[in-house]
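Colleague: Okay, here's the structure, questions in a sec.
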Amino acid sequence: MAGVDSTDDSLYPIAVLIDELRNEDVQIRLVSIKKLSTIALALGVEKTRSELIPFLTDTIYDEDEVLLALAEQLGQLTPLVGGPEYVHCLLPPLESLATVEETVVRDKAVESLRTIAALHSPADLENHFVPLVKRLSGGDWFTSRTSACGLFSVCYPRVSNSVKAELRQHFRNLCGDDTPMARRAAAGKLGEFAKAVELDILKSDLIPLFTALAQDEQDSVRLLAVEACVSIASLLQAEDTEQFVMPTLRQAAEDKSWRVRYMVADKFTELQKAVGPEITKTDLVPAFQGLLKDCEAEVRAASSHKVKEFCSNLSPDIRESVIMTNILPCVKDLVSDANQHVKSALASVIMGLSPILGKDNTIEHLLPLFLTQLKDECPEVRLNIISNLDCVNEVIGIKQLSQSLLPAIVELAEDTKWRVRLAIIEYMPLLAGQLGVEFFDEKLNSLCMTWLVDHVFAIRDAATLNLKKLVEKFGVDWAQQTVIPKVLQMSHDQNYLHRMTCLFCINLLAEAVGPEMTIKLMLPTILGMAGDNVANVRFNVAKTLQRLGPIFEQSLVQQQVKPALDKLKADADIDVQYYAVEALDGGFTNGLNSIVKHNCSENKLKDIRCNVAEVYIYVMLPCAMDCEHF
């Protein structure tokens, strides 16, 4: 096997590995690569260094998924090659992987190289790791040069000054590389490298590179320079930031490419924290206004997402005045923006301005904007406003909230889009807790009951869970007086779907009200529905009785529950029989056996087995029949 003597057991693992790596099946090769640590352990550290690693280095040519697994495994082999003293043995295969064409493989190789770089001694870094970085950065193909960009920051702090100077020169060359891919990689790692170098070197060497990259002809390079701007600004004093960073940042905020302006908007709050309050006041506030008014919807949406955080981070002594004078006029324009993504982004954060501006400003300036967005034609905008109502309630109080926003909420509860109605239902328990039981009964109780007969099953289902949460919040007495009578009345509804909803409500309410109330008020209704003329209702009666069975006393089961189930067991509908027997016997297999036992012929058993699949269809039928288009 691969020229290995079969009697030499110690070499068997490497022979197996070689054979599997040459297998035509890519999955076998992939499994083999994932066993590297096991094979290295079997070989021992010396043979791993002398045989396994060279073999891997010489045979790196495979499918991308195999190479990706290899790059990951090599980063974990340090203990198996002899520890940090010999970790440099792992560099050759990783260097080869860092030059391949597939990006994910290169990135994983760089990640593993960064991991093992920390394990090198300073001497090994200079003797082994730094030469690798130099080779990669001077490679003929852009692939190796892009990989090199991610390695400077991990080796720079622990090498001598002369080597540091060489590394800076190589990084400088990459920043001015002929290929935009290499410049893009250098721009992406500039901020990380800036944190590794000395402050004077940052000002003298890296700031000029940053300025050049921010003015690159490729917008894909310029936008990555914006990310570096955050790291560089956080390292400098305010006066240095003003001198070295702000001219470039002002230029980026007005860049001709919307992608660069988008990146500025996306990183704006990070930039705000990095530059400090004084520069924020003088430079970033006007820049933020410009981004909120940008001609591109993507830029306006990105900056709208940052409105709340930007305002929160403003200095307290100028916060309110800046918001009222500079930010709020832009926000008012965005509320009626032509693009729904912009309005949706703003709706997700605008409610957060209430705690910042206080009660009076919220009532005077923000409430009209909330109402406008609550009535917006875009469902997502309305949804985002509803989901953040608690922010406003904490500021203006429930009375003001109910007077101003509640009518709009009630209108949304009857919205034609079922997902909007669903969002209102999910918010209802929280709103109920804020309103109190009296106000809730007066304004919203009838609405909650209306949802139980909605034409969309998802709404009816959510409404039953909503009732349970309301009962848990308001108590059993409230349920007995307000909810249970209306639910039980649904058992006589002409629509069988509504009668089934009655049973679904009982299933959940029983958990909230307890056994005594369930037996006293709801059990008679359940038993009465056992004679319903629709089979779906009857087998749901059986399922309800099975679910509630544990709370019934034995005498009650024998006197009332079992007779009802026995009657259902003899039902003409095969599915009703099945669920009745399952309720009596407590199991799927037992259910089939019991039907046979109770006077069912062999042919009937065959019919039952054929109808097992149909049981599930019948269970899902209410959903399928009355679902709106998604």
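Heads up, the Cβ atoms here are built off N, Cα and C, so glycines get one too.
Automated prediction, rather than curation, is the source of TrEMBL annotations.
Residues or ranges marked as repeat 'HEAT' by TrEMBL: 13-51, 90-128, 167-205, 206-244, 245-283, 284-321, 327-365, 366-404, 405-443, 483-521, 522-560.
In the displayed structure, how are the listed features positioned relative to their neighbours?
Modeller: Looking just at the repeat 'HEAT' (90-128), the mean pLDDT is 88.
Taking DSSP states H, G and I as helix and E and B as strand, the repeat 'HEAT' (206-244) has 33 helix, 0 strand, 6 coil.
For the repeat 'HEAT' (245-283), the residues of the chain that approach it from at least six positions outside its boundaries are 210-211, 214-215, 219-220, 222-227, 229-234, 236, 238, 290-291, 294-296, 298-299, 302-303, 306, 309-310, 313-315, 318, 322, judged by C-beta separation under 8 angstroms.
In terms of DSSP secondary structure, the repeat 'HEAT' (366-404) contains 34 helix, 0 strand, 5 coil.
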